[in-house]
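> Heads up, here are the entries from TrEMBL:
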- 1-159: region 'Disordered' (REGION)
- 80-95: compositional bias 'Polar residues' (COMPBIAS)
- 139-151: compositional bias 'Basic and acidic residues' (COMPBIAS)
- His265: active site, nucleophile (ACT_SITE)
- Lys267, Lys495: substrate binding site (BINDING)
- His493: active site, proton donor/acceptor (ACT_SITE)
- Ser518: site 'Interaction with DNA' (SITE)
Amino acid sequence: MSQDSLHGKWTVSSSDDDDEVLPPSGTATPKSRRPAESSHISSGSPSPVPEPAPPEVKAEPDSAPVSALTVRSEARQLAARNQRNPVKFQTSPSLSGKRKKEPSDGSGWALSDSDDEDDAEGKRNSRSKLPNRAAPNGEAKKPRKESERPPSPHGRLYYTDEPDDFFEASFPCLNDTYRFYLNKVTGLDRKFNSGALHIRGEAFNYCFDIPWMVKQFPSEFRRCPVLIVHGDKREAKARLLQQGQPFPHVRFCQAKLDIAFGTHHTKMMLLWYEEGFRVIILTSNLIRADWYQKTQGMWMSPLFPRLPEGSSESSGESPTFFKRDLLEYLASYRAPELDEWIQRIKEHDLSETRVYLVASTPGRYVGADMERWGHLRLRKLLYDYTNPIPDEEQWPVIGQFSSIGSMGMDKTKWLAGEFQRTLTTLGKSSLRSDPPVHLLYPSVEDVRTSLEGYPAGGSLPYSIQTAQKQMWLHSYFNCWKARRTGRTHAMPHIKTYMRVSPDSTQLLWFLVTSANLSKAAWGAMEKNNTQIMVRSYELGVLYVPSAFSMKTFPIDTNPFPASSSSMLGFPVPFDLPPTSYSPTDQPWIWNIPYSQEPDTHGNIWVPS
């Protein structure tokens, strides 16, 4: 059966599997200036692929991390592998690699040979690949020198050469109001990186590459204890453990994933210092591609000091109950390996925190537990800590993400039903407003013209199998435009949700999170709304004005270069109001070919 739409002709598959298997995401590892002990929480993934190191977020100059806990996610290791060998655009029809059902007019979407919709493992192993390309003139590839940047899809010129101090973290507003940062992006005007953060050397990251992770510590601290909490199983777990064999100080903790199609997608680090510890919740994985030419975001806590001896366990709580919620989240892993870290947090003062934790953990929850996790947790916070406003139905909801799960053949099944009810909750008002809902997801043209070109699409895993079952969704879509932050051509891996004023000058709330647009991430109601089922681990932080003694957050229309004058404005990472798709725009689908037009590096995209 086939259907025609503004997005081309769809060949509809026979699969009616309602839950998308999210692509595996990389890992983060904490790094520090003077680490004495480190711990990671990471997520499962198919096959650990050693990725070159990303850049650095340095601690404050006077702070010396003593240990770190990092939460790693299941992102795009296989995709990263597929991005390394792009195919050059040719005017002739011949293309390397096999493909199936390629539309002749370039306007349709079709399936590649490798798609296996009924087998979850098959989905993981059949993601978009770029055919291997032999070196010119049959020359063997030269081994990369230790001092060189890692391989890229486009050769040495892919990463723009920057001044030596480009990757040095600068904190002109380290004690600013929101503690929300974007990453540095190469190839931009210098002003758009002033106040942005980068990872290198002495900070933290996500990584499957344990040997590389160890090298990021200063040499005198490369034997400090490291705990990696991951979601790998079977062969992937065996490979991860094998990587750690040469490093006896590296230990592992497996996150329990008891519900099918769930992933460990959280991205968090706890960095321990001699003076205290710091929490970082972010959107990026520990692969170099995530930190050079993509848009990422992070919340970085203040440095939390140790409580005085004899303090009660309830001491050091914040007005947002961040300490309680962080401890509850770590306890949800049910892992003895984390007991030591839980005890350490209890001994510290987190009272300066002004954000709320919004987490997902796998399980089926009933009664009061339904409001602990997923989108019902967000709904509860918006109910308790925001306030109704006049004409609230005119304040749109915006969701922005880098991956999309299956939401059913009808928008009322989840998105326009329970999830929209959560996003439109505003205080204890009985009014059920129906504001506009705008979803930001890159179009094919956004990806094609990006800094990375088509390989950026390896980080945007919306599959044809899912897309063809929910064509109704695409009427919600808006392009990725980020002129105010200089990041229009840096494809987003950041995920944000917010409520914005009609004139785009104020925010009612803002959430940065690891959670993409999927039921697996946010949870779905079951049994006549008496139970919620969550498949994955996710983590984010919610900003509400009441926690900052404000009525609304003013939006900073010029967040770069960072300065003290912009401290009160919230740095929304993209342009407002959103730009709707044009009639010719199509959402990026990562497992179909794009061969009609070359990208910014002269390549085409040929999944195989």
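Cβ atoms here come from the backbone N, Cα and C positions, even for glycine.
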> The residue listed as 'active site, nucleophile' to His493 (active site, proton donor/acceptor): how many Å between their Cα atoms?
13
> If I restrict to non-local contacts, at least six residues apart, and a C-beta distance under 8 angstroms, what lies near the residue listed as 'active site, proton donor/acceptor' in its own chain?
Thr283, Ser284, Asn285, Asp290, Lys294, Thr295, Gln296, Ser402, Ser459
> Which one, from the binding-site residues Lys267, Lys495, has the smallest tally of other C-beta atoms lying within 10 Å of its C-beta?
Lys495
> When neighbour density is defined as the number of other C-beta atoms within 10 angstroms of a residue's C-beta, which of the recorded positions His265, Ser518 has the lowest density?
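So among His265, Ser518, the recorded positions given, the one with the fewest Cβ atoms within 10 Å is Ser518.
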> Between Ser518 (site 'Interaction with DNA') and Lys495 (substrate binding site), find the distance joining the two CA atoms and give it rounded to the nearest Å.
12
